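What Swiss-Prot says about this protein:
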- Gly112, Thr113, His114, Gly115, Lys116, Thr117, Thr118: ATP binding site (BINDING)
Amino acid sequence: MYGKIEKIHFVGIGGIGMSGIAEVLLNLGYKVSGSDLKQSDTTDRLASLGGDIRFGHARENLADVDVVVTSTAVHDDNPEVMEAKRRMIPVIPRAEMLAELMRMKYGIAIAGTHGKTTTTSMVATALTHGGIDPTIVIGGKLNTLGTNAKLGQGQFLVAEADESDGSFLKLSPTIAVVTNIDADHLDFYTGGIEQIKDTFVDFINKIPFYGLAVLCLEDRNIAEILPRVKKRFVTYGLSSQADIRATHIRLEGGTTSFVAHYKGYRMGEVSFAMPGAHNVLNALACIAVAMELDVPFAQIQEGFAKFGGVGRRFQVKGEVNGITVVDDYGHHPAEIRATLAAGKSGWPDRRLVVAFQPHRFSRTKELFAEFVTCFYDADVLVLTDIYSAGEAPIEGVTAERLAENIRKHGQRDVTYIADREALPDHLLQIVRPGDIVLTLGAGNIWQTGEALLRKLETAEG
C-alpha cells in the first residue's frame, strides 16, 4: 500500500474473515484499530498483538485513521461508517484490503461454495512443509497454528475468496482454486445459479497468463463452465478423466486416506486426520497447488500427516462416558449431507445425534426444499430457532415449520426446541454411551456442544 497509509480501522474486527487480515497487517507493522459488538478470544488475540480494540460501534471509535475496512455484515447506517464518510476517510470492503495484501505476494485464492476453509488450510499446511512459508489468511482457526492468519516470509499468500457478495472479483490471484459451485447467497445472486456460474467464470479468467486454475471435475456446474475458461487449468476428482485423482479411498473413524495419481502416474498414499469423502476432493485440490509450486510429493504427504484440522470443521470437542461431541460449521444442505455422510462412514456403528441451528432466514427460505431432505443420515435430529445473522424475520420461515416438513418427508426422530439455551439439557436426557453428538450450523450452536460436555462431566462426577 501507498506509504501514507499507516492507520487502519476495522468495523467488525472480531469476524473470522476480518481478524485474519487485521493480524497480518499488525505483523506488517501497520497500526490497527477495530470495533466489535462483543469480546472474544479473537479480539483478545488482536489486542495482545497491539491492536486497539473497542466494543460496540460508535463514532468515537474512529480516531486518527487513514482507511476504514468493513465486513459484509456492516451496513451504511453503522455510526463508524457514517463518521468516516463525513470525514471523507476511505471506506472499503474486506475483499479490497485482502486484494491489497495479495498485491504484495503471489496470490493463491481458494473459492467455491463449500470447502474453502478446509482446502485453504490444507494448502497452507502443505506449502509450509514444502519450505515455501506462505502468508495465510483463513476463514477458520488452523488448529496447528492456533490462529487463522500468519505472516510468512515466502512469496505466496494463501487466502479464501468469498463469493457471497461477488467481492472476490476484487482479487487478482496467480493460482485460483474452485472447489464447487452451488446455489447459495441467492439474496445477492438474484439471477440464480446461472449468475453464480458467470461470476465464477469471471473470477477464474482474472488469473494471469502464467497462472493456473485448479478446478473440481466432480462438480457438475464446474464441468459446465470449463469451455468458457480461457486460462491454463488442471482438473481434480475421482473420475479417470481428472488430471489429479484419488483411488483406494479408505474412511476409518476420523482418518481419511487414498492413493493420489497425476495423469495416470501413481504418486503414492495420502492420509490425514479428518473424516469424509468430500475431504478427499479438498485434499486433491491441495495436491494440485503444491505440485504447481514444485513441492516434492514426500513433503506433501508429510504435511497431510501433520494436518491438525480446522476449527468448526468436524472438530471433536471432547468425549465423556463414551459420548463424543463434535462441532461443524456446515449450514448449506450440500455441506450438511457431506458432514453427516462423513460421520456415518467413519463411525458406521455409532448413533448420530444432530443439533442443527439454521443460519439466516433468506437461506432457509431459498433452500427450504433441500433442507427438508438433507438430514437422512442423522439418527436423531433436534432443530432450534434460526440464527438471524442480522436479517429481519421472513413470515412463514421458521425452524419449527422446517422440523415439521422434515418429519413429513420421512425423518423419524425430529424434535424442535425453540430456545437454543435449552438444548444442552434436552440432549443430556436423550444421549447414551456410544453416541456422536454433532452440533451443526454457522451461528452460535457450537456453544451447545460445550455446554453439553460440561453437563456430562458433572453427571459423571
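Glycine is no exception: its Cβ is also placed from the backbone N, Cα and C atoms.
Cβ neighbours within 10 Å of Thr118 (ATP binding site), excluding its own Cβ and spanning all shown chains: 29.
Sequence-distant contacts (6 or more apart, same chain, Cβ under 8 Å) of Thr113 (ATP binding site) comprise Glu163, Thr179, Asn180, Ile181, Asp182, Asp184, His332, Ala334.
Cβ contacts within 10 Å of Lys116 (ATP binding site), excluding its own Cβ and spanning all protein chains shown: 25. Neighbour count (other Cβ atoms within 10 Å of the Cβ, all protein chains): 25 for Gly115 (ATP binding site). The Cβ neighbour count for Thr117 (ATP binding site), using a 10 Å radius and every protein chain shown, is 23.
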